Amino acid sequence: MSDGIIPSEIDKLLIQITTYKNPFNVIGVLPEDDNDTIHKKYRKISLKCHPDRCHHPLSNTAISCLSKAIKAIEDEDQRKKYTDLMEQARIQLMTELKNKGELSKINTKSDEYRQLLCECCEKIMTETELKLEKAEKIRQANLKREKEELQHQEEIQKLQKQQEEDWEKSRQQRFNNWRSFMSKKNKSLNSNEHKPIKPPKTTLMN
């Protein structure tokens with residue numbers, strides 16, 4: 001698969017590079033490492049997983065991830081952000097080891113400790129992302145509900161306005177009908193006043 005690297009080793013390396021979120025973990029260095037150490041490690045693993053040497057489906061993705069990782073570390077603000085995350089992970093890991101009674105057994109310079117620190121950091125980042133995603137979903141749901149409520153209120157106002165307009169139109173129509181009725185009634189009364197009054201018929205008795 002690649003020169004001098006067994007398949008299981010390159011698979012593990014590529015999974016590390018393409019799945020980890022913290023750029024320090026992607027390259028496999030610590031924030032306290034100097035820039036020369038970080039760049040040497042970056043160049044070394046870049047050569048190991050380069051598509052020209054490593055014919056693996058993840059090799060191109062790995063190179064892209066490595067490029068993003070080194071750029072993040074070289075950026076002052078990004079480096080501080082991920083350094084703070086590593087420190088948070090370090091504190092959390094030490095607390096967990098202490099609670100388990102394993103703190104005295106761990107060598108903070110060992111690969112085992114570095115792996116535990118890496119996993120703890122990734123766990124924190126994943127949990128943070130999930131919380132942010134949940135918060136965003138809640139925000140979007142609230143916005144949707146507010147929009148629907150606003151639309152509902154607008155529909156009610158529109159309906160009320162239409163009802164008021166219809167009432168106004170019908171009121172005018174009723175008034176016109178009433179005037180027409182009264183006019184006809186008055187005409188009928190006036191007409192009856194001018195008619196002669198006929199005496200009642202009488203019946204002669206024998």
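Glycine too: its Cβ is placed from the backbone N, Cα and C atoms.
Model, not experiment: these values are computed from the prediction.
The domain 'J' annotation in TrEMBL covers 22-86. Here TrEMBL flags 147-206 as region 'Disordered'. What TrEMBL lists as compositional bias 'Basic and acidic residues' is 147-171.
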Legend entry - Summary of DSSP states over the domain 'J' (22-86), given as helix, strand and coil counts: 46 helix, 0 strand, 19 coil
Inset, instruction - List the helix, strand and coil residue totals of the compositional bias 'Basic and acidic residues' (147-171) as derived from DSSP. - result: 25 helix, 0 strand, 0 coil
